[in-house]
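Enquirer: These came from Swiss-Prot, pasted as-is:
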type    : residues                               : note
DOMAIN  : 1-50                                   : domain 'ClpX-type ZB'
BINDING : 9, 12, 31, 34                          : Zn(2+) binding site
BINDING : 123, 124, 125, 126, 127, 128, 129, 130 : ATP binding site
């Protein structure tokens with residue numbers, strides 16, 4: 001059969017070779033893919049009615065897209081994220097401007113300002129991922145997390161960047177319009193920096209190439225997403241997702257970036273030692289507030305990639321007091337969770353203040369920030385959670401400082417015999 005004689009779908013242009021079924025009508029054809037698409041549209045809530053009485057599909061107005069003020073956004077983040085005041089304020093403004101821009105576009109207003117993508121710097125366990133997760137929860141938008149170290153450029157073994165968009169689409173239950181205003185958080189972004197500032201002669205599969213691959217979807221493009229994931233191949237069906245209004249937040253520890261900044265500023269002018277050895281954490285946090293795009297380029301990020309992020313902010317290492325606050329203050333604080341778990345067994349779990357600080361000190365020594373807190377508490381309470389459901393005599397458990405620092409057994413308070421009966 002000649003190519004010009006191939007029967008094609010009148011709606012999408014796919015040939016009979018590219019589809020499973022092609023249904024004929026009077027001088028028109030429709031493929032199975034377009035039928036599924038139309039079915040999805042008909043399943044949605046009723047739309048406007050034309051003068052002839054027929055129901056017509058109109059552009060979505062997204063009445064549920066509420067734009068909170070920066071203060072409202074920060075207030076909500078404060079319920080879950082301890083510390084990082086500067087980062088929370090900066091991100092609140094960026095997110096406000098981002099969704100204000102989307103609302104203006106949906107209302108067919110001319111918008112001259114670009115996307116407010118965010119780059120978060122900071123050590124492991126400082127709250128970067130939690131801030132992104134909390135934003136998605138506040139705004140009630142789809143959210144997904146990707147690990148930059150698993151991504152490769154097209155043609156290499158690994159994960160295509162389009163699969164990140166697929167995961168967002170899955171989080172939106174394949175509602176394309178909803179996914180198109182979601183949030184994607186890419187962790188470990190510093191790991192795809194070039195090892196040197198000089199352009200590599202050989203291909204850098206997991207570094208510069210990935211940055212190049214991410215450029216378009218971060219800036220805004222129509223991505224052809226394979227609905228089942230994996231590598232693309234000819235004749236495969238794709239779901240088209242416009243990434244123009246997806247908010248991208250990327251984060252990384254950027255180890256030694258502080259030294260690059262110090263070198264640019266001139267170490268003798270900012271009060272640091274003459275050798276560019278290890279700074280104190282306070283010095284590092286201060287230096288990272290001075291970060292410029294040229295520092296990130298010197299670190300190994302390509303200029304085009306850095307240019308996609310007009311909001312760059314540092315998350316500081318958490319202090320001892322902040323780690324204690326994380327244990328007890330947020331709405332979903334981990335100590336509150338364990339207290340609730342034990343109360344389900346009619347047992348009162350008590351943490352002395354000194355014990356909380358001992359846990360925080362132990363977490364700080366682990367060098368993984370708030371992430372270590374959960375592991376420490378799990379190891380501490382695991383045996384108790386095993387025994388308590390089978391022991392009705394236990395009324396309360398008191399966790400003291402020596403329980404943490406010297407591995408002494410917690411104080412167990414038992415009920416009077418008559419209370420058990």
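Keep in mind that glycine also has a Cβ here, set from the backbone N, Cα and C atoms.
A quick note: this is a predicted structure, and the numbers were derived from the prediction, not measured.
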Enquirer: Apart from 123, 124, 125, 126, 127, 128, 129, 130, which residues in this chain have a Cβ no more than 8 Å from the mean position of the Cβ atoms of those residues at the ATP site?
Expert: 122, 251, 315, 369, 370, 371
Enquirer: Secondary structure at residue 34 (Zn(2+) binding site) (DSSP, helix/strand/coil)?
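Expert: Going by the DSSP assignment, residue 34 (Zn(2+) binding site) falls within a helical segment, counted as helix.
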Enquirer: Roughly how many angstrom lie between the C-alpha atoms of residue 125 (ATP binding site) and residue 31 (Zn(2+) binding site)?
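Expert: If we compare the Cα positions of residue 125 (ATP binding site) and residue 31 (Zn(2+) binding site), the gap is 50 Å.
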Enquirer: Please state whether DSSP places residue 124 (ATP binding site) in a helix, a strand or coil.
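Expert: SS state of residue 124 (ATP binding site) = coil.
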Enquirer: Sequence gap of 6 or more, Cβ distance under 8 Å: name the residues on the same chain that satisfy this around residue 124 (ATP binding site), in order along the sequence.
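Expert: Within the chain, residue 124 (ATP binding site) has Cβ neighbours under 8 Å at 253, 367, 368, 369, 371.
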Enquirer: 9, 31, 34, 130: which of these binding-site residues has the highest Cβ count within 10 Å of its own Cβ?
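Expert: Compared across 9, 31, 34, 130, the most Cβ atoms within 10 Å surround 31.
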Enquirer: For residue 130 (ATP binding site), name the DSSP secondary structure in the helix/strand/coil scheme.
Expert: helix
Enquirer: Please give me the CB contact count at 10 A for residue 128 (ATP binding site), counting all chains in the structure.
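Expert: Step by step: centre on the Cβ of residue 128 (ATP binding site), count other Cβ atoms within 10 Å, giving 28.
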